[in-house]
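Enquirer: For reference, the structure I am asking about is given below.
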Amino acid sequence: MIDQLYRKAVLTVSGQKQIESLVRSRGWSVAQRFVAGESAQTAIAAVGELAADGILSNLDLLGEFVASPEKANEFAGQVLHLLDAARAEGIKPYVSVKLSSIGQGQTVDGQDLGLTNARRIIGKAKEYGGFVCLDMEDHPRVDQTLEQFRVLVGEFGAQHVGTVLQSYLYRAEADRASLDDLRPNLRIVKGAYLEPESVAMPVKADVDANYRKLVYAHLKAGNYVNVATHDETIIADVQHFVLAHGISKDAFEFQMLYGIRRDLQKELAAQGYRVRAYIPYGRDWYAYFSRRIAERPANVMFVLRGMLKG
Ligand code: FDA
């Protein structure tokens, strides 16, 4: 409950324009702990650094909801550029995309623009032997994201497109089961948005218990799971679960965020687990950064100290 109140307080305060402009102007040096620079080149350099430690990468051009088709197309163009830049460096591109940033909910030529742009991005990723994960955003977008995911898996195959389920949502297990026929590659997360109690569990212990349930159910169904968490207890439980059920290390991977628990990422990779870091980059870092601060009270002090230092 305290976690929920803390998250609500941070996300409410960070939504205020004055706070946003203050943090945008003074907070970049602090944000760099979580964000790998502003350009595709700096993000691709981070891929190389992680690879040296045996860690795979998931590139994410930062961006949230955009209101105009022009902006959505421009953003999609930048993701296509990222795929080309990665390929030019000999990297099979693995990227994450928020459908709201490429036009989801805007109709152009009778089609949802998010779906049209997702087709362009996944088509190119597939051509390069890569993979696109459709990030999950706040709850009003879940239905459409899952519907579009189903269409895209049908067109490109589950080995080139995946999506995310959030264990704080009551509906998550029903959604997981409803996708089973696609043999989907799913990233399981706890959930990072400010959600009402009518849709999301307010008690952290329930979110954690549901997290385990989702991971175990998806593994038991024989589907590929991205165990995306920094929660060491859950990670240890998953390690025990796969051992007890004879599930191979190829059936899942651990995923963590850039700048968080690099020690643990390295340790797991050294133990022979597949580990992937989510590497966000780009100029639109504020909303992503606010969600990272909202996850952990100690991060507020880290930000304040960093901003005071200038
Ligand atoms: P929890 O919050 O319980 O934290 C466990 C421990 O991890 C903490 O005690 C602390 O040590 C460490 N930790 C966690 N967050 C930290 C932080 N910000 N700074 C420092 N330490 C921290 N969400 C979403 O809604 N949609 C999405 O598409 C995604 N995608 C995604 C991809 C990947 C690869 C990851 C790892 C996470 C996401 N998330 C997400 C975010 C997710 O929902 C969740 O908010 C964070 O992962 C934090 O939750 P944990 O599972 O780490 O557990």
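Here, residue 1 is simply the first one shown, and the rest follow in order.
Cβ coordinates come from backbone N, Cα and C, glycine included.
Any TrEMBL annotation is an automated prediction that lacks curation.
Pulled the feature table from TrEMBL, pasting it below:
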- Lys98, Arg291, Arg292: substrate binding site (BINDING)
- Met136, Gln166, Lys190, Gly191, Ala192, Lys204, Thr229, His230: FAD binding site (BINDING)
- 45-303: domain 'Proline dehydrogenase' (DOMAIN)
Enquirer: Taking ligand 1 as the reference, state which of the binding-site residues Lys98, Lys204, His230 have a Cβ closer than 6 Å to one of its atoms.
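Expert: Near ligand 1, sequence order: His230.
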Enquirer: How far apart, in angstrom, are the most distant Cα atoms among the FAD-binding residues Met136, Gln166, Lys190, Gly191, Ala192, Lys204, Thr229, His230?
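Expert: Between the most distant Cα atoms of the FAD site, 19 Å.
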Enquirer: As a test of reading the model: what is the averaged pLDDT for the domain 'Proline dehydrogenase' (45-303)?
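Expert: 96, rounded to a whole number.
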Enquirer: What binding-site residues among Met136, Lys190, Ala192, Lys204 are found with a C-alpha within 10 angstroms of that of Arg292 (substrate binding site)?
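Expert: Of Met136, Lys190, Ala192, Lys204, within range: Ala192.
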Enquirer: For the substrate site (Lys98, Arg291, Arg292), what does the 8 A shell look like? I mean other same-chain residues with CB within 8 A of the CB centroid.
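Expert: Neighbours within 8 Å of the Cβ centroid, excluding Lys98, Arg291, Arg292: Ala192, Pro280, Ala287, Tyr288, Phe289, Ser290.
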Enquirer: Among all chains shown, work out which of the binding-site residues Lys98, Lys190, His230, Arg291 has the most CB atoms within 10 A of its CB.
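Expert: Of Lys98, Lys190, His230, Arg291, the one with the most crowded Cβ is Lys98.
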Enquirer: Can you tell which of the binding-site residues Gln166, Lys190, Gly191, Ala192, Lys204 lies nearest to Arg291 (substrate binding site) in space, using Cα positions?
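Expert: Nearest listed residue in space: Ala192.
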Enquirer: Would you mind listing, in sequence order, the residues at least six apart from Lys204 (FAD binding site) in the same chain with a Cβ closer than 8 Å to its Cβ?
Expert: Asp3, Gln4
Enquirer: Based on Cα distances to Lys98 (substrate binding site), point out the closest of the binding-site residues Met136, Gly191, Thr229.
Expert: Met136
Enquirer: Quick check: in three-state DSSP terms, what is Arg292 (substrate binding site)?
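Expert: It is helical.
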Enquirer: Based on Cβ atoms within 10 Å, give me the single least packed residue among the binding-site residues Met136, Ala192.
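Expert: Among the binding-site residues Met136, Ala192, the sparsest Cβ neighbourhood within 10 Å belongs to Ala192.
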